[in-house]
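> Below are the features listed in TrEMBL for this protein:
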- 12-34: transmembrane segment (TRANSMEM)
- 25-269: domain 'G-protein coupled receptors family 1 profile' (DOMAIN)
- 46-66: transmembrane segment (TRANSMEM)
- 86-108: transmembrane segment (TRANSMEM)
- 129-150: transmembrane segment (TRANSMEM)
- 162-186: transmembrane segment (TRANSMEM)
- 212-234: transmembrane segment (TRANSMEM)
- 246-271: transmembrane segment (TRANSMEM)
Amino acid sequence: MFVPASHCISWFAVLGTVCLATVILNIIIIIIFAKQRRLQRKSTYLIIHLAIVDLLVGAVTGPLWIELFGTLYCDLWEYDLPNSIWLSALEDATGYSIDKVSLLNLAFIALERTHATFFPFKHRSVKKWVYGVVIIFSWLVPAIMIFTMHGLTIFNHVGLKISLVISSYISILLLLIFACYVSIYVKVRGDRFAQLHGAAGLRERKLKSTMFLVTFGSLLTFLPLVIFWGVVAFDFNLFFSLPIDYAFHIHMAVVTFYVFNSLINPIIYAVRMPQLRAGILQIIFRRTPRHQHRVNTPLQDR
């Protein structure tokens, strides 16, 4: 028994639109970063990397889910598995781990902002190679995790609960992001000196709004995924005992939500930067940006 084709096509159109918008927006942002060298600073390295990862989420991960669900739920096409077990594991480790790279990169950005807030002088002396190590680490951890889980599942190591590992991974990173931005908020709010100066006050207000958007956006888009994997980890048969229509709609909603996170990430982080915002307006609307006084925002300097 399969889900009606009309339901499948509707959901795939929604997810496909989100993926396309994600690819287009992140390509624009990457082009702006590449063309404007003044934006290529240490404080933007992880944001540039985030745009690249989110581009891959829209170009690779989203279409892979459409391909998989089109076979499992809809019978719209055949899903051809690789002939080799390890090739199948490699496909999972590369394709289905990209969204987890994006979330880990968000956590590293939160940590980097926290370090810049609490230890500004030490943060300015951080070497460029440290950011390179962080970027490599953000790819290795999810890839190794997915590859290992896939391999152990193939060889029937029932002691490993994939759903528990994934839900724990996402939950820990979301809590880390939330804790970092709360600590930054408390630090900035308690700094009376910053509140008494115009430029610093503006910086504080921008930081508050950015923290709210980052925290709210990440929690909103990844919370359904945490709940989904948490339920599956608690009772594996509960989800799969649902009627196939319900299971399909739940699965598609969860996937669409967290892919949507890769669409709002560049809006939350990069569009807050005046130079980047002006570049986007120039590319999309062919507008020549007005000269703006440089505002020292937390995402610009440091």
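Backbone N, Cα and C define each Cβ position, glycine as well.
Remember, TrEMBL labels are computer predictions, not curated facts.
Since this is a predicted model, take the numbers as computed values, not measurements.
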> Considering only Cβ pairs under 8 Å, which range in 46-66, 129-150, 212-234 makes the most contacts with the transmembrane segment (162-186)?
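That would be 212-234.
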> What else in the chain is close to the transmembrane segment (212-234), if you only count residues 6 or more beyond its ends and a Cβ gap under 8 Å?
103, 106, 110, 161, 163-164, 166-167, 170-171, 174, 177-178, 181-182, 250-251, 253-254, 257-258, 260-261, 264-265, 268-269
> Take the transmembrane segment (246-271) and find every residue of the same chain, 6 or more past its ends, with a Cβ under 8 Å from one of its Cβ atoms.
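Contacts of the transmembrane segment (246-271) (Cβ under 8 Å, skipping residues fewer than 6 from its ends): 3, 7-8, 11, 14-15, 18-19, 21-22, 25-26, 29, 47, 50-51, 53-54, 57-58, 61-62, 65, 69, 73-74, 99, 102-103, 106, 109, 210, 213-214, 217-218, 220-222, 224-225, 228, 239-240, 277, 280, 299.
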> For the domain 'G-protein coupled receptors family 1 profile' (25-269), report the average pLDDT of the model, please.
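Mean model confidence (pLDDT) across the domain 'G-protein coupled receptors family 1 profile' (25-269) is 80.
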